[in-house]
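Undergrad: Annotation comment: TrEMBL describes 6-23, 30-54, 74-96, 108-125, 161-182, 202-222, 243-265, 277-300, 312-335, 372-394, 406-427, 458-479 as transmembrane segment. Annotated domain 'NADH:quinone oxidoreductase/Mrp antiporter transmembrane' per TrEMBL: 126-422, in sequence order.
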Amino acid sequence: MIDHLIVLLVVLPIVGAAVPPLASLRYDRVGWAVATATTLGHAALAAALAWTVWTDGIVRYAVGGFVAPYGIELVADGLTILLVVLISAVSLGVLAYARHAGPHANTFYSQFLLLVAGLSGMTVTGDVFNLYVFLEITGLAAYGLVASGPGARSAVAALKYLVIGTIGASLYLLGVGYALAATGTLNMADLSGKLAEVGYDSTLVLTAFGLIVAGLTVKVALFPLHTWQPDAYADSPDSVSAFISALVSTVSAYALAHVLFSVFTVDFLEAVPLARWALVGVACVSIVAGSALAVAQSDVRRMLAYSSVSQFGLVIAGFAIATPLAVVGATVHLVGHAVMKGGLFAVTGIIERKTGATTVGGYAGMGGRVPVAAGVFTLLALGMVGVPPAIGFVGKWYIVLGAVEAGIWPVVVVLLASTLLTLAYFARLGERLFFAEPTITSESTAATDGGESVSTGMIVTVVVAALLAVGLTAAVPVIDQLIDQTVFELIRQ
């Protein structure tokens, strides 16, 4: 079974996703139990695979016994297992939250498991075409989850997400076509060598790079290709907002880094400096624009969504700088952001359920009504700002050091400006929560009967997220070692 761990990570949630619709012929609400059992199995597989990679090194699996480059290859290295464990952990946390918060339909949990399968596939695939297949599975599941909200706004947000997401996937597929035309292969490791043979200045290679990166930046939601994200995050159920904000763009950013380092390599970035500077430029614009747009928001969820646009710009900037320190920083921030942003969306859901408040003005004086949620929100917000010893500080610090090492000073300036803007919009919320008197607006929007009930699972989920925002700092040496086993070899060439 150990030999098949990597493929079971994808197969198990796909099989699990088929169970709730079949069970619904007789039982109304078995979806959560099936999803939880399946995700626990997924977590066990992820842990076993992580241990195997940690002790034995990179794991490769030829699907159907057909050896690469002719067959489909799945690969697990240090960075892969980091993302796989993250997917399992976040999924379990969201399930604990959704047990009470919902949605409760069996179809919701089928889509949930399909998303887990798609994200896992994106993480372990060693083939650029199969990355497209898993991108589509992830996208279709995410569209359905966003549409699972009760109102028309959820459906509209899902439609917008579908249209823009399809454009992004199509751009990526077109880029894969150009890469295939240039090299005759789709295997990532094989592509790496053949792209160098064809020549990095080849029109086909340059076009493939541009289209693949453009398609993936749509999925990551970098400015100005971010327009699907605010609506998808703000208008979906709080369980869905927490889930997709933590994982969808995170795994897409990992996929972009995977293609950047495993397919095109750092040699390409050095041979075509315009490619590196274009990525850095787009990332810097995204950092500033996302932060500025977040400051301008009155709706808390939309503020958090625009914050993600900025934070993923920071991650992509770190990968584009492509020095060891910057890549470690980008990876740390990628993981930290997933935990912190998922926790923030979950805790805003708790505050909304208990008080009815959804806007910055509506949060006035709510710290006394929901002290635990307000405290968790504050801790996570400080982590997002980058206050030590939170994981957010470590990621930003390493990216700054990497940018200084590479002499790319614009990233340093932009990061510092973005940190100040992040402090501005979170400080505004903190001031409203703890120091402002309840206003007529906040009192009229808040529930006067104690609000909806909140389960222990919901509280535990957000508290654990807050603890991880600080505790993950201790895991940075482990992440550093995992990166050393994978990406550093490419960077040092």
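For all residues, glycine too, the Cβ spot is worked out from N, Cα and C.
Whatever TrEMBL says is automated annotation, not expert-curated.
What you are looking at is a predicted structure, and each value in this text was computed from that prediction instead of being measured.
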Undergrad: Out of 202-222, 312-335, 372-394, 406-427, 458-479, what stretch is closest in contact terms to the transmembrane segment (74-96), meaning most Cβ pairs under 8 angstroms?
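TA: The stretch I would name here is 458-479.
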Undergrad: Six or more residues out from either end of the transmembrane segment (243-265), which same-chain residues have a Cβ under 8 Å from its Cβ atoms?
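TA: Contacts with the transmembrane segment (243-265): 79, 83, 86-87, 90-91, 94, 112, 115, 119, 122-123, 128, 131, 135, 138, 142, 145-146, 179, 188-189, 191-192, 195-196, 209, 212-213, 216-217, 219-221, 229, 232-233, 236, 304-305, 308, 312, 315-316, 319-320, 322, 327, 330, 334-335, 337-339, 341-342, 345, 487, 490-491, 493.
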Undergrad: With a Cβ cut-off under 8 Å, give me the same-chain residues at least six positions beyond the ends of the transmembrane segment (458-479) that come close to it.
TA: 82, 93-94, 96-97, 100-101, 328, 331-332, 335-336, 339-340, 342-343, 346-347, 349-350, 372-373, 375-376, 379-380, 383, 389-394
Undergrad: As a test: from 6-23, 30-54, 108-125, 161-182, 277-300, pick the stretch that has the greatest number of Cβ pairs under 8 Å with the transmembrane segment (312-335).
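TA: It is 277-300, which has the most Cβ pairs under 8 Å.
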Undergrad: Using a Cβ cut-off under 8 Å, which residues of the same chain at least 6 positions beyond either end of the transmembrane segment (161-182) come close to it?
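TA: Here the qualifying positions are 128-129, 131-132, 135-136, 139, 142-143, 146, 191, 194-195, 198, 202, 204-205, 207-219, 225, 227-228, 231-232, 263.
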Undergrad: What parts of the chain pack near the transmembrane segment (108-125), using Cβ distances under 8 Å and only residues at least 6 beyond its ends?
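TA: Result: 6, 9-14, 16-21, 31-32, 34-35, 38-39, 42, 72-76, 80, 83-84, 87, 91, 94-95, 102, 131, 133-142, 144-145, 148, 243-244, 247-248, 251-252, 254-255.
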